[in-house]
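What follows is a set of notes on a single structure, which appears directly below.
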Amino acid sequence: MTSSPSVPSVRLPLRAAPPRASPLCRSRQWSDAPRVSSPALVVVKPLASKAPASYRSALLLHRRRRYALPPVAATAASKPVFKDPKKYQEWDSMTAKFAGAANVPFLLLQLPQIILNARNLLAGNKNALFAVPWLGMLTGLLGNLSLLSYFAKKKETGAVIVQTLGVISTYVVIAQLAMAESMPLPQFVATSAVVAAGLLLNFLNYFGWLRGTLWLVWEDFITIGGLAVLPQVMWSTFVPFIPNSLLPGIISGSLAATAVVMARMGKLSEGGIKFVGSLSGWTATLLFMWMPVAQMWTNYLNPSNIKGLSAFTMLLAMIGNGLMIPRAVFIRDLMWFTGSAWASFLQGWGNLACMYCFHSISRESFLATTFGLLMWLGFTLWRDTIAHGNSSPMTSLKELLFGK
């Protein structure tokens, strides 16, 4: 076959290159090819991708020996490699059990108040129940419902049980206040309807028996309600120094309703819709985070009230929230970790520190509590680092705060 005189061509040698030939001298092979007269001059440059297979293998082996690249270096950045899957599963199981064990101290927190209210009601001493503010109990109840919805959506069984017991125990106290006529009847009826609907919807959603439309309506309700209550509670904390007003709750509730409507109508960006969807969980967390702040503010204004605080109650609050920290760290849930760590330090340890400063508890008790809390946090970070195969606890904290 003859080639067209207008198209230049080059014949390549069919024999292999000499074994001792250097790759840099491969251009000499082209000198053996016959020259073809052509009006155009063709320069052929050897490409790295066209190199013989034996040369590419030798070059790759040389680079691996020189730079000591592991075989899995290419996939280590895209997929996390656990050093010990067994330890990962063990820590997963342990953190779930810790979160479930938090039910015990949280239940003991409300049980003494329930028993005391029952005794006063049986004795006909209804005035004693007026010392328990129903608005504060209602705020805590709304926070429990919001967090119950958040954890039911994530299918966190231990946290769901904790929040469910919180809703039920708080509602029992509110019912006792209504029986003592401390809480107005219309507010109690509305609260009962919300609690019944909330428990039913969360139960159905947890088992996958609820339609998405009803769940969206419930999420919008707790988002608007939480954002209306949170600024109002914050404002009411400083009422002796600022005028009493319902304006903060009205303004924030109106803004929340507007944001929810715009999100459902598609008027917000994708990031804005996700932000509105996360507001209910963060609002509930901030409600619980504000409770120890209000208590410490009261201690600052009236130091004599510190003697009325129960050190055992504060210890239970610290233990209950502390038991949920490992699970929050393990699943990298920043909102859960923020609420649990804040409550453990401020509501529990912070109030114990105030009691120690005013000589309500002994020095040995306070130091033992502080040492135990620090040891628990250290144990949590150490086990989480091993389970996830990280190099240091700081890596686990970075993953928790900023994501992987």
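Cβ coordinates are placed from backbone N, Cα and C, and glycine is handled just like the others.
Under the heading transmembrane segment, TrEMBL lists 128-152, 159-179, 185-204, 216-235, 241-263, 275-297, 309-330, 365-382.
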Within-chain partners of the transmembrane segment (216-235) [C-beta distance under 8 Å, separation at least 6 from its ends]: 139, 142-143, 145-146, 149, 197-198, 201, 242, 245-246, 248-253, 255-257, 260, 264, 276-277, 279-280, 283-284, 286-287, 290, 294
Contact call for the transmembrane segment (185-204) against the transmembrane segment (309-330), three or more Cβ pairs under 8 Å: no
Intrachain neighbours beyond the transmembrane segment (128-152), with Cβ under 8 angstroms and 6 or more residues off its ends: 113, 117, 120-121, 159-160, 163-164, 166-167, 170-171, 173-174, 176-177, 180, 182-183, 187, 191, 194-195, 198-199, 201-202, 205-206, 218-219, 222, 225-226, 229, 233, 236, 280-281, 283-285, 287-288, 291, 335, 339
Cβ-Cβ under 8 Å with the transmembrane segment (241-263): same-chain residues at least 6 beyond its ends: 220, 223-232, 234-235, 272-273, 276-277, 279
